[in-house]
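K.L.:
Sharing a structure with you now.
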Amino acid sequence: MAECSTGWGGSEISREELAKDLDAILGQNPPTLRERFSRRHLPISTPKLPTHAFYNKHIDKQLILKRILPLDSLADDISQLVSNALAVALENTSCDQLPTEAFTSYLEATSYVKPPTAENIAELYEDGIARACDNIVTRLLIPKLRQWLPNVHWRRRLIPPPESNSGIYDNANLFLLSREGMVALPDGHRELIDSSLYEDLQRVATSVPGMGSWIFMNHSEHSDSLLAELDKFYLDDEFPYELCGTTGLENASSSPQPYDALLAPWTLPSGLGAPPVSSSKRKLRSRVQKIPPSRSITPSARRRSETTSREEVPLTAAALLQLSWARAVETDSTLIIINCGDHERVCVRHRATQTLFMSPMFNITTCKDPGYLKLHVGIHLALIKDAIARSKPPPKIISPPAEPRRSPRKRSRPDTEETTSRPLAKRHKATLDPVKTNMSTMSLASGRNMLLLHIRYDVYHSPAPASFIRAGPCLTHKSKWKDGRIPAIKRAYRHDEYFEIILGRKLGDGATGTVHTAIARVSSKNGEIILQDDLVVKLTFKRQDQARLRHEYAVYSRLAEHGVMGVPQIYGLFEDLEGGAIALVMNNCGQNLYALRPDKTKFRISVTPAQQDRFKEILSSIHRAGVRHYDIRDANLVLNGKGEAFIIDFDRGRFNPSEGKKEREMDILQELMNGIPHDFSMPSPETPGTRNEIWLRTPTPSEHSSDQEDSDEDCESDANSDARSGSDDLLL
Ligand SMILES: Nc1ncnc2c1ncn2[C@@H]1O[C@H](COP(=O)(O)OP(=O)(O)OP(=O)(O)O)[C@@H](O)[C@H]1O
């Protein structure tokens, strides 16, 4: 019996005993969800397509999913990885007693009072399986460690607000903590790691934001059958990945071939070959050829969709696979775990062949050889090994000496392995043909009702643009828009009948929408292309948020009627013809005062006296136009590069406020300028859209309240407001 040194929390035991205990722990499975969650919460709603699925259609062609294949050996391979790692670790570890009780308690039944939603199942995984994995994987990586402590962490990133509850939770992954550009290790751990592993961990901690994609679904019969159904795609030559339906303006891929680790702990079938050639591409081409030579495009639909929001669409098996794959592309993950409570599948994303290899569906409560804990320890370990391998600079290809150049023309750089391993985040910058930038771009666009929207940053490079139809006129330039007349959708649009918007990186995710930088590209009648690159686009997906954005547009209409300056120039409101989004196009006013704060922990804003006066002037003219902003804070006060002031974000705006409320709002602005932020920790004030009605369409002027004489403020219970002391403080 080999003798071992004493370890943490327990007495010294033999190596054999430790191996036996570990084996027993790793063979464990969690109890069924019915045993863990209270029965009164069952059944639960079926998963819906989450709103961010809108972005999945815009992933670069070279990164999308092309086929699904079975990989029955995956669990065995992962189990072998753990067995091998254990054998090595046991040779080097101190044999202290295993905290068996703690590990078992992580897996044991707890009476969970919450319903088994996707979020709660993710939380359960985080509190149980993931904690046990963190400890065991850390020990397998650093056998000399004398404690069962986690250096590896599995965490949920962001808990979505309840209204975004789609029955899907996909915002969790594994990561190594970093602090000030260094891998964060507890005291004393650095010395236990040899220098090459330390370098590897250092690279992963600082350059890999997350490893693996976990997709949790609400626990329901529908989720179980969705997971079971995924098999049916094995028979397809090509997976039906859904792209935008617009034809005539397809984009070639701009992504270099993504990089798979050369050595993986699983064996994939050999002779896979190149990904299948997209038949949909062929279809698109043949359809394009029928279109007259003037580069017309066919919009994605001839009719407006019933609803512009996405929440109500039930999840299908194809949508679940597309969503899971897209999430793995966005996070550059190799393994995808799809879990619906008691059942699960584990999948490998093979980048080069754009193939998803999928394990059979298994019941997590009855796993055997390997047990569920061993499988997940293996998944965590495999992800770290994969991240280490892929974050290493690939071996240099030694090429023969270059032949003398014959042509003076510049040659494009060959796609060497070196280029393929560049981090995804750095791959895409909006690349556009050399064209003029012209301030009349948006004036030309104001006469066009069809907007083609591309997304081009990180992994996004829309294979085809989304078609958006105008739902509200340009408020900055004259247009032929007739009040209340929503334009008909044409069968095809010539190049001088549509304009394009190319969305860049996200500027912010607000309570209402997602704001992106954007460039407009407009083709004139004679074919000249002009650009305007100082735009932003606010996209909204959920019903309530779309109601707020339509209301915001109505507020901007009122401000434009009164010629208010110092607010964004609005170039129109647009609806996605395939449903899912509405977009407000405006100019980029600069950076908000929060972003400009030198020290974010201190409320100190640097605004010159002239800029302070200008903010007050703008607010006065907003008030004169009969609008109260209702959300005056540093995030909504903006300065451009020339130091010019703007007030943005009118989704909470109110029409026809009382004089007292306007004065109070001016006081808040003054206080803000004096360095006293207003307390907005109160719940957001309701907007007319959220309380009284949901506008599924942009209201015509007669419908929306900009012409009404009654004040929106009157909708608030004035009786209550009189009774409240400091009522304005509560509302503002
Ligand atoms: N026209 C614009 N110019 C420059 N930046 C903008 C513009 N519009 C929005 N932004 C940026 O995007 C962020 C979010 O925008 P906005 O406040 O309009 O969204 P929201 O969803 O209504 O957010 P919230 O109501 O939570 O503040 C802003 O803080 C600002 O930094």
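Including glycine, each Cβ sits where the backbone N, Cα and C put it.
Annotations in TrEMBL come from automatic prediction, not curation.
Just lifted these from TrEMBL, have a look:
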BINDING   K538  ATP binding site
COMPBIAS  303-312  compositional bias 'Basic and acidic residues'
COMPBIAS  392-402  compositional bias 'Pro residues'
COMPBIAS  708-719  compositional bias 'Acidic residues'
DOMAIN    501-732  domain 'Protein kinase'
REGION    274-312  region 'Disordered'
REGION    392-431  region 'Disordered'
REGION    677-732  region 'Disordered'
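Burial and contacts for the listed features, if you can.
P.N.:
With a 10 A radius on its CB, K538 (ATP binding site) counts 27 other CB atoms from all the protein chains.
In the predicted model, the domain 'Protein kinase' (501-732) shows an average pLDDT of 80.
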K.L.:
How would DSSP class K538 (ATP binding site) in three states?
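P.N.:
Looking at the DSSP assignment, K538 (ATP binding site) belongs to a strand.
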K.L.:
Just to be sure I understand, if DSSP states are collapsed into helix, strand and coil, how many residues of the compositional bias 'Basic and acidic residues' (303-312) fall in each?
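P.N.:
Taking each residue of the compositional bias 'Basic and acidic residues' (303-312) in turn, the totals are 0 helix, 0 strand, 10 coil.
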